[in-house]
Amino acid sequence: MISENLFSAKSLEYLEKAKEIARENKDTKVDTDHLLIALLLDEKSPLSKYIEKRGIDRKEFLKRVSEYLENLNKQLEKAIEAEAQNLINLRTQIMEVKSNIGNVQTELSKIRKAKERILRELEYARRYGDWWTAETLELELRQLEATEQSIRRQLEQVEKSLSTVFAPEDVKAFLENKLSIDGLIRKALEKSPLIEQVKELGISPDRIIDKVAEKVFGKKPTFDYSQYLTQVLEKAQDKAVSEGEAQVQPSHISAALIEAKDTIGGKLINQVLGGEKEMKKDVTQELKEEEKSPLERFGVNLNELARQGKLDPVIGREREINQVIEILLRRTKNNPVLVGDPGVGKTAIVEGLAQRIVNKEVPPELQDKEIWSIDMASLLAGSKYRGEFEERLKALLDEVKEKGNVILFIDEIHTVVGAGAAEGAVDAANIMKPALARGEIRVIGATTVDEYRKYIEKDPALERRFQPVFVDEPTEEQTIEILKGLRPRLEQFHKVKISDEAIEAAVKLTKRYVTFRRLPDKAIDALDQAAARKKLKVIGTPPEIQEIERKIKALEEQIIEANLKGDYEKEAQLKIEKAKLEKEKQELLGKVGGVEAKIAELKKKIEELDEKIKEAAEKGDYEKEAELKIEKAKLEKELKKLEQEKSKELVVTWDDVAEVVSEWTGIPVSRLKEEEMQKLLKLEDELHKRVVDQEHAVKAVAEAIRRARAGLKDPKRPIASFLFLGPTGVGKTELSKALAELLFGDEDALIRLDMSEFKEEHSVAKLIGAPPGYVGYEEGGKLTEAVRRKPYSVILLDEIEKAHPRVLDLFLQVLDDGRLTDSHGRTVDFRNTVIIMTSNIGSQYLLNIPVDADEETLNREFEKAKEKVLEELKLYMRPEFINRIDEIIVFKPLTMRELSKIIDLLIANVNKRLAERNIKIELTEEAKKELVRRGYDPAFGARPLKRTIQKYVETPLADKIIRGEIKDGMTVVVDYKDGEFVFIPKEEYEKQKAEVSASSEEKKES
């Protein structure tokens, strides 16, 4: 049932128009074609806009539809007239038949009564033995039955004749006086071929039946909606209800009409829209959009959002908001444009103005104004046909002019320059210029400094219509106040408490480390993410427990597999392993905390109950299922209570924010933990695991890292800058790699630049990027891009003396100010990098030191050589470069003693590679000494030693593995005997050693 009370005023207007059209056509029913015409007559109806959006001319379509319906109505009138005449004739004939049938039925009634009388008399005669009377009565009865059969045959003949015209059940009802003549004729009309034909055309059958019935019976039908239109309106009601709308809008009626493909209105609209293919899409939403005014379609009412409390509070920015108000109150040039870096709060200023307008905290001239935020992307999206974008924008501006109290806010206002400007079209800026010049519209814009310069300033006609308001980044104190104002919103959203120290951390840490973004945006993001992470940590299961649960699940699958294979021994082992993991999980749950443990346990119980409920339902045990559901409900209630208790305890701290900032930048900014403190104190020992000797170098590097991690480094300079001098192969590059591995867990995290690649003056472009107009400008520089991606890193400038002097000039500001500007004008932050430069300058003086001398002589000679090296360094590098380096470290040449230690490190690396095969090698002292002797060269350092091990250990070992002499799992001892290296399995070597010692003991005894 449809209720007109549910329809909006505009919907009722269209329905009234449809009724008017039906009356003009002398129709007694309002059908879908009348509704279609009513919607098409209004150029602003959702249906008219919808078809025009698809490139269909509304007026042309309306004309074609009207002509088609006019011709159809003429044909229908003729068909109705003919059908009515046929039915009138049929009615006359039926009336005659009915009269004859009446006579026959009267005769039959008389015969029936006579038969009843004879049967009574016959029974009486037989009872009293009057056989003569009985025979006479029987003869009379037979004559009556013969007459009755004859009359019934006549009736059957009439029934057969009527059945050729009417339905048999209708004829039967008619003959039994259950159906009148008019009823029979109406039944015939409903089942006539004419009605079937109009159904195919999509015309509601009751509309034609009413017209024919009026002519046949002379009774005027009631004026109402047709069956088909009633169905369409019911569908529209359903759509409105499903969308939660209080009233049925024209968009719902239009969508229901388009979807009613069996009606004449639906058929006509679907034919022009492209039929089934087009209608696969849901058009309701699109029609709903077409129903809105241009402002509602392409804009958001900020005043309305402010009334609903959906805008964040705006703290501070008094100067900028007042400046915007002043410009809006001007007589001319009253269009402010907010210019500032991304993230400084330009949009927030406009939202603050909207809140002031709603709260009546503005001058009277602005109190009735509405601020609408316009989405340029929505204006452009879907404008497939030429002129469609201009039409949308023009309609929007016309509505703004008509309303008179609208201020448009266009975020990223530079997008209006060139927007929609296809071949032969005018862009949005040029469409808006005349209205801006005449003061017909007021616009607030927002854009960045670069884009203002690039787009707005390039167009003087557009620029002079706007008055810029420059928005600076707020100070740390102002940002703290902003975050305190936002705190209630964030706490309510995340269900956590945010401490003052977390707010302070968000501002200070992002200010210092997130240099590529602006306050307050970056501070808000850091605090928001920290709150989200805090909530997730408590609600989610800890990663360690998740990992154990994964292992338990995998073991369960293996247990089932072992059971199926009949491997019961393996099954038992797996069960023991599973029990250990379960115990470990329980211990971890206990460590996590009582509440977390209870929450995890409850969740597990609920999961188990779900399985049991499912099993009970499958078995049909409804009583057990109900019991389990009650138990589950209790557990869920308890779980909810525990989670609420836990959320009350959640407080976002400094460390939470620091963790987020560390993740963003890769810089460790969280407070030092006990474990990390111990690691930093033992940094020298860790570095010495890879670098032999060079105590002074290792100590200098470790101290620089400790200063940075303790927060004592100069915040305007890199963590440390070193120049490593010394001959090749003494550990300069190795120390850099070891440092990178300690800091990042991987020596590949080192940003390494071989300075021999930068011999030419123009190779500076490789480091900071090619200048504009040159090939590779878009790619950026090797150094600047690497540091932008990893601001916390170790930069190794290998063989620095081989670079062009002009390339070294580039590093002056890096070493002093910790910053470098790339070819795109972006400032890259080097304040969290360790810069290590290596060089071989003056290494000839170091090689002259007698390495076999005693330690005192060695140290004295080293100091003399060191002075000469530093003197020579001054000849290669300018004083301003040397002066900016934190520490110049001269590496000592390696002695035989150090090389022996290096062999141990190199063999350890070989064992790491062999670990996959479970093979291990050990060197005897004789083998070690011989390798040092063969691999020692003071001029080349430790590198020849690596080649010696490769030649005398790795190559023979590989041959023996391939031949099968050394198998997986073996430990091999490498010894030096009789001028060659021998490889002996450890068991055999131990046996030989024992035999030798035994024989030597015997000799002693003898």
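Placement of Cβ uses the backbone N, Cα and C atoms for every residue, glycine included.
Taken from Swiss-Prot as is:
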- 7-72: region 'Repeat 1' (REGION)
- 225-289: region 'Repeat 2' (REGION)
- 251-473: region 'NBD1' (REGION)
- Gly340, Asp341, Pro342, Gly343, Val344, Gly345, Lys346, Thr347: ATP 1 binding site (BINDING)
- 474-666: region 'Linker' (REGION)
- 524-648: coiled coil (COILED)
- 603-638: domain 'UVR' (DOMAIN)
- 676-893: region 'NBD2' (REGION)
- 894-1006: region 'C-terminal' (REGION)
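Sorting the binding-site residues Gly340, Pro342, Gly345 by the number of other Cβ atoms within 10 Å puts Gly345 first. For the region 'C-terminal' (894-1006), the number of residues in each DSSP class (helix H, G, I; strand E, B; coil) is 74 helix, 17 strand, 22 coil.
Within 8 A of the CB centroid of the ATP 1 site residues Gly340, Asp341, Pro342, Gly343, Val344, Gly345, Lys346, Thr347, the other residues of that chain are Leu338, Ala446, Thr448, Val471, Glu473, Arg518, Asp521.
Shown in sequence order, Arg517, Arg518, Leu519, Pro520, Asp521, Lys522 are the residues of the chain, 6+ apart in sequence, with a C-beta less than 8 angstroms from the C-beta of Gly343 (ATP 1 binding site). Helix, strand and coil counts under DSSP for the domain 'UVR' (603-638) come to 34 helix, 0 strand, 2 coil. Counted within 10 Å of its Cβ, the other Cβ atoms near Thr347 (ATP 1 binding site) come to 15, all protein chains included. Between the listed binding-site residues, namely Asp341, Val344, Lys346, the fewest other CB atoms within 10 angstroms of a CB are found at Asp341. Predicted-model confidence for the region 'NBD1' (251-473) is 79, expressed as mean pLDDT.
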